[in-house]
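A.B. asks: One structure, as structure tokens, below. Some questions next.
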Amino acid sequence: MLRLQILKNRIHRPSQRRLKSSSSFIRNTFINYFKDNHDHKHIKSSSVVALCDPTVPFVNAGMNQFKGVFLGVVDAPCPRAVNSQKCIRVGGKHNDLDLVGIDGHHHTFFEMLGNWSFGDYYKKEACQMAWNLLLGPYKMKPENLLVTYFSGDAVIGLQEDSECRDIWKQIGVPSSHIKGHGARDNFWEMGPTGPCGPCTEIHYIHPDGSLTEIWNIVFIQCIREMDGSVSALRRQHVDTGMGLERMTALLQGVPSNYDTDLFRPLISAIEKNSKGAAEYSASYSADAKLAHAYRRLADHARMISVCLADGVFPSSSVNLKQIMRKSFKISSEVFQHSNLLSILYDEMVTTLGDTYPELASKERDAKLIIDHEKDSYNQLRASLAKKWTNLVKIHPEVEEMNDVDLAGFALGYKEFKESMSKIKSTVIPGEVVFKLYDTHGFQEDIIERIAKLNNLEIDKKGFWKLLSNHKARHKTAFKEQSSSKGIMFDKAIQLLNENGIKKTNDQPKYDFKDLDDEISFDPLKSKLVAILDEDGEWLDFSEPSESKPYYIVTESTNFFCEEGGQVADDGLVDFNENVRFKVDSVFKIRDIVFHKGHFVLSKDSDVYVKRGNTVVLEVNADRRRDIMINHTAIHLLNAAIRKVLPNSVICQTGSNVTDKGFTLNLSVYGEKLSQKVVLEAQELIRQTIESNALVQTQVIDSTQLSSESGVLTVPGETYPEVGLRLVTCMPPLVSKELCCGAHVRGARAVRGVRVCRVRGAGGRAPALHALAGRRALQAQELFCRVQKLAEVIELADSERVKGEVSSIKRELSELCGSGGAPYGDYADCLQLLEGLEKRATNKNVAALQAIAQAEVEEACQEAIRGGRRFTVHFLRCSYLMQSDAVRATLETGDQNLPTLLMGCAGGVVVATARVPKEMTSSTFTAEKWLSCVLPIFDATILPATNDRSLLTHAEMSATKVSLINCEAMVQDSMRVAIKYAQSHIKDLNNTDIGDKEQSTQNRQHN
């Protein structure tokens, strides 16, 4: 299809715009013309998020939201439709990013005006409507228009579309303004296979003879088959597209799209808010870097604003994050104003807010994300500076890529250079390309720049094959599938297809009975259509072995495979009374559900199984019930967190639902999670459970989805065109999510939700792990048990309290798991348990300390009763105490008696000496007395304190000793201390010595 550049080298002159040629007038005129004059239904633009199309990162054409209609998988919303569709072309086949700002008509975001006929009118009406609009409301002159049509193509075996040519002649277009072209320009195809057809284009002829395509009208009348042949469709459709930006430039008489009222307000805002940058020159010369920057930032601001308003998150869209970083770089480095994106968002609300009201309604959310990403970008640039300097020293050529803002660039580039030095090839292998893409996060354009920088080619075919295999493994969660086994599964699926089995009917997995809140599941009878051994070999019949795994496929199944974040079912498949198959895991490959497991044989007699047997499938009912409860609970928690944090922007990035609990992964911009937030969310869920809010599941298709508001989706996920399951929880806590999982029908079945752990609570990407159903009640029961224990702790035996605390901790750990910090009621409970354990320990310490004090008092009194002038004592119960408690005890005793006390707590020896002031002498002080035992323990005297003198009070440094040698060391030290005291205390009676020595010998052995 022709697309010639819009006069980019013309000198820019302000021009008088035509009357009523504003972009709003052009858009509204188009829509009202088809709606009012030709009975079309106005279909609002879909989001730029390609929910049901995994082949594109964004909606990139007006027909995207009707793709399912053309493919014949969904019904048309109406016979005739008209709209203005928001489109983004970044990444994939249609990638205009590198050309943005260089010329006057390439954009990342644009609007596509279109009208459609779904099996209603066809070529004549479509051409006539288009011509009348251009010559009528748009007041274009017929002599300035040229039309093209499909002139046939021998390769695909299609003849000239003479019908279209003749229609244009009948309308009045002269033959000189009708041109025929081949399939390259005038045959439209959706993809390698699928709907296709000839098209006709309307071009504007500029005074210099150059052409600008303004309208493309596609006649979808064929289908491309797998073998490449083209055949006729049963129903014929019309799909047209007119680029608003291009048409606005023509009708406003300006030289490029950037001179229209769609871009000029943005460029003016950049001029007004920039610091030190010259005014916009509108130059397209190669050296007009500043003009390029103006245009690029204006374009990117439009794309970013629309994405954020449509709920695209930088955390889940690499393309959006990349363009935001490019914009921050231009804003700060070229225009010296880091907040330009937020200012330009305001301009977008002004220029497009009436047409797309979500721009205004999501303004606060969008600016929160912009501010956060700006801060993250600044942090990234700071961290990259040093890495970049070191990289350039090693690889100087990389200086040309200094505009790349990628955290893993330095490491990835080093590994790339090391790999290529070993390979010595001029082609970068697919494996190396894939590692750069998957491990280091390099986008394709960056990899292509690296290849060009190093004069290398890229093995794109090898890369795409690896990427395709990676995505396939990810979607099926079939981690054990090796390449050889994968081939066997492909062969099995091919045989099934040849036998008429195109897919497994897994709709029975949603069937269950709910009677008085009792959920039950009926067994399912089905035909066995495939048996594969552990190597994936096809078996028509087999004598099963209990010692190795098998894979079986049935026509229908009531087993869930792992998808939508929900774990797969397990259960049994009954072949007969003697043969059962225990299902361990379930997975899906290309719509075929495989059950993996082991046979269980009840008799030794010969048994065999064969394809075609009727079997009975029974899921593990208790486990499935818990999974369903947890899946509904995760929806409630998702909704509750959003309600409790109304001033934050929250995006679900993933989830994991099992029978034991669930994990909800979020991206949070603004106010972060806290203990208070979690507890408030739990209270909202409790109220919802009490009211037994209804949980409804509605099956819709992609066209019906566009009319639903407030539906939550997981960014980056793609959904089918048909069979979409919309799960809605009714007030008081409203939740609407697309979800293929299993759910209960009423909130009362959830019974309770307890968030027990949160990983990264203070960051932007928290992960909440929670319990629901019976496990949540078990946790609540334990929480209550702790409360009761706290009420009676003063009456309970300390050891019993410690045993109960240990038991509760163990049970809670088994319930709540590990990973992440304790949160919510669980965190409060653990804190209370720690307090109870400490109180029980303190109770023991206090009792021991009382015993120790009594022991010291008794030793002093015994010395006094025996007429002795000092005492040396080892505290017997110190082995059961903490060192701090022992040290405190040593401070007690008779203050009028010279006393040297020692204790050993946990292998740490402490000692103090105390001498009344009136009994000190030049040879007998507390310091000198205690010093005599220091060599035995290799210890020192602690320095004196302000209120104590070493004359009267000395303390030995705490010293670690072996418990094996402790008793002998203590006895030695006591002998030394006694002899020193006997020799140095003034007026010591010799008669006292023998008694003291005998008494101390007894204590030494205690």
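Every residue, even glycine, has its Cβ placed from backbone N, Cα and C.
Automated prediction, rather than curation, is the source of TrEMBL annotations.
Below are the features listed in TrEMBL for this protein:
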type: DOMAIN; residues: 21-782; note: domain 'Alanyl-transfer RNA synthetases family profile'
type: BINDING; residues: His631, His635, Cys739, His743; note: Zn(2+) binding site
A.B. asks: Excluding near sequence neighbours, so keeping only residues 6 or more apart in the same chain, what lies with its CB under 8 A of His635 (Zn(2+) binding site)?
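C.D. replies: Residues satisfying the criterion: Val727, Cys729, Ser735, Glu737, Cys739, His743.
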A.B. asks: So what sits near His631 (Zn(2+) binding site) in its own chain, CB-to-CB under 8 Å and at least six residues off in sequence?
C.D. replies: Gln566, Val657, Phe662, Cys739, Gly741, Ala742, His743
A.B. asks: When you average the Cβ positions of His631, His635, Cys739, His743 for the Zn(2+) site, which other residues in that chain have a Cβ within 8 Å of that mean position?
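C.D. replies: For the Zn(2+) site, the extra neighbours are Thr632, Ile634, Val657, Val695, Val727, Glu737, Gly741, Ala742.
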A.B. asks: Taking every residue in the domain 'Alanyl-transfer RNA synthetases family profile' (21-782), what is their average pLDDT?
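C.D. replies: Summarising the domain 'Alanyl-transfer RNA synthetases family profile' (21-782) by its mean pLDDT gives 91.
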A.B. asks: For His743 (Zn(2+) binding site), what is the tally of other C-beta atoms lying within 10 angstroms of its C-beta?
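C.D. replies: His743 (Zn(2+) binding site) is surrounded by 26 other Cβ atoms within 10 Å.
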